[in-house]
Amino acid sequence: MALLVQKYGGTSVGTTERIEAVADRVGRFRKEGHDVVVVVSAMSGETNRLIALASDIMEEPTPREMDVLVSTGEQVTIALLSMALQKKGFDARSYTGSQVRIVTDSSHTKARIKQIDEQNMRKDLDAGRVVVVAGFQGMDENGNITTLGRGGSDTTAVALAAALKADECQIYTDVDGVYTTDPRVVDSARRLERITFEEMLEMASLGSKVLQIRAVEFAGKYNVPLRVLSSFKEGNGTLITLEDENAMEQPVVSGIAFNRDEAKLTISGVPDTPGSALGILKPISDANIEVDMIVQNVGEDNKTAFTFTVHRNDFKRAQEVLRGVTKELGAGEVGGDTKIAKVSIVGVGMRSHAGVATIMFEALSKEGINIQMISTSEIKISVVIDEKYLELAVRALHSAFELDNAGVEETF
Ligand code: ADP
Ligand code: ASP
Ligand code: MG
């Protein structure tokens with residue numbers, strides 16, 4: 001008999017019928033004798049609705065009040081799911097994050113979990129109850145309600161699984177596993193039987209929002225067996241595992257991630273002297289703006305062009321900061337482009353294969369797609385391209401790396 005932590009996302013609890021279906025599924029696991037802790041998200045669309053209400057009142061609501069507001073979504077679903085379980089004859093109890101005592105830091109809207117008191121959950125489990133916990137939320141040391149960032153219920157589930165030393169953390173969603181790329185964009189995307197923590201972390205960081213980045217980090221750090229499955233149909237889903245040394249040959253590229261969240265800023269005529277990069281990026285970092293990719297061209301006549309990307313939400317602020325910077329540095333114009341996309345290929349197999357970049361660049365070039373920026377790490381290559389070519393690029397790469405080829409269906 002296992003201890004399972006199961007998380008059901010927004011679409012999986014989107015209606016009362018769906019909540020009843022979740023109760024049936026949880027009930028089946030109970031009948032098999034497993035202990036179950038369930039983490040639920042708000043009903044689909046609810047968190048967005050709450051955020052929109054806040055913006056009707058003011059442009060920049062205080063983060064503390066935002067957390068009080070958006071955490072209510074999950075409180076609705078824990079109560080409804082517990083009722084559905086009780087109706088079906090299962091003993092169940094709902095808890096908000098603060099009732100469980102999920103203690104976080106005080107960074108409202110993007111808090112990090114520091115500690116979880118698993119005692120009360122254990123008492124309920126020992127008494128034969130299903131424990132239903134609100135995802136996405138916790139409280140700081142002063143009792144203020146905090147939330148963990150969009151998609152944060154995944155992290156709640158993994159953190160509870162780590163605290164309870166659960167046998168498996170199951171993330172139930174509207175797709176039946178992790179795919180080679182977003183199946184909503186590429187029809188021929190293929191479900192992966194397994195993916196390593198490291199690859200999943202890159203995929204999530206580079207835009208595959210099927211799991212929150214922090215959930216994957218947490219699972220890797222505490223070695224929580226993590227599985228992504230569908231709440232709509234049966235199946236094994238995708239297991240996120242440690243790298244298997246004895247596995248048969250890995251595919252070179254396991255998946256393709258992409259995002260449209262970034263914007264590009266370019267300063268021309270930057271003096272090609274020591275300290276210029278610092279002169280540009282320090283004020284950006286002082287303004288609390290995170291920089292992703294950076295390219296500095298080879299200087300000509302002691303001048304160079306400096307390009308970097310930031311989150312689109314920070315684009316206007318970054319532009320303002322740069323206007324001040326160019327004067328100080330004696331640099332030229334500040335240019336910008338918000339219509340860019342980042343496409344990345346990810347795979348631990350890249351470590352032992354040369355020529356991966358060539359295949360990538362060839363596939364893009366064949367489609368006439370211009371690469372604006374490139375960045376690489378041991379297990380990924382990312383390129384920035386014009387946003388309008390995003391889907392074409394993902395499809396081209398998907399077939400160039402034979403991801404939609406049934407012949408490479410399984411690697412383990
Ligand atoms: P939930 O509400 O259950 O948390 P999400 O919308 O956060 O669900 O995550 C599931 C979605 O992630 C899928 O519907 C799919 O469109 C998207 N997605 C993006 N990349 C991938 C991928 N590589 N594999 C599977 N799903 C992906
Ligand atoms: N309800 C929150 C969101 O929409 C948290 C989650 O669903 O994981 O982001
Ligand atoms: Mg999600």
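Positions of Cβ are set from backbone N, Cα and C atoms, glycine also.
TrEMBL annotations: computationally assigned, not manually curated.
Since this is a predicted model, take the numbers as computed values, not measurements.
Here is what TrEMBL says about this protein:
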type: BINDING; residues: K7, Y8, G9, G10, T173, D174, Y179, R184, K209, V210; note: ATP binding site
type: BINDING; residues: T47, E74; note: substrate binding site
type: DOMAIN; residues: 265-339; note: domain 'ACT'
type: DOMAIN; residues: 345-412; note: domain 'ACT'
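Overlay of TrEMBL feature records on the structure.
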residue : record                 : DSSP (3 states)
K7      : ATP binding site       : strand
T47     : substrate binding site : helix
E74     : substrate binding site : helix
T173    : ATP binding site       : strand
Y179    : ATP binding site       : strand
K209    : ATP binding site       : coil
What are the helix, strand and coil residue counts for the domain 'ACT' (265-339) according to DSSP?
-> 29 helix, 27 strand, 19 coil
Tertiary neighbours of Y179 (ATP binding site) (same chain, Cβ under 8 Å, six or more apart) | A189, R190, R191, L192, V210, G255
If you measure between the CA atoms of K7 (ATP binding site) and T47 (substrate binding site) and round to the nearest Å, you get 17
List, in sequence order, those binding-site residues among G9, T173, K209 whose Cα sits within 10 Å of the Cα of T47 (substrate binding site).
-> none
Would you count the other C-beta atoms found within 10 angstroms of the C-beta of E74 (substrate binding site) for me?
-> 29
Out of G9, E74, T173, Y179, which binding-site residues lie by ligand 1, with a C-beta less than 6 Å from some atom of it?
-> G9, T173, Y179
Could you count the residues of the domain 'ACT' (345-412) that DSSP puts in helix, in strand and in coil?
-> 33 helix, 14 strand, 21 coil
Taking each of the binding-site residues K7, K209 in turn and counting other Cβ atoms within 10 Å of its Cβ, which one has the fewest?
-> K209
Rounded distance in angstrom between the Cα atoms of K209 (ATP binding site) and E74 (substrate binding site) | 19
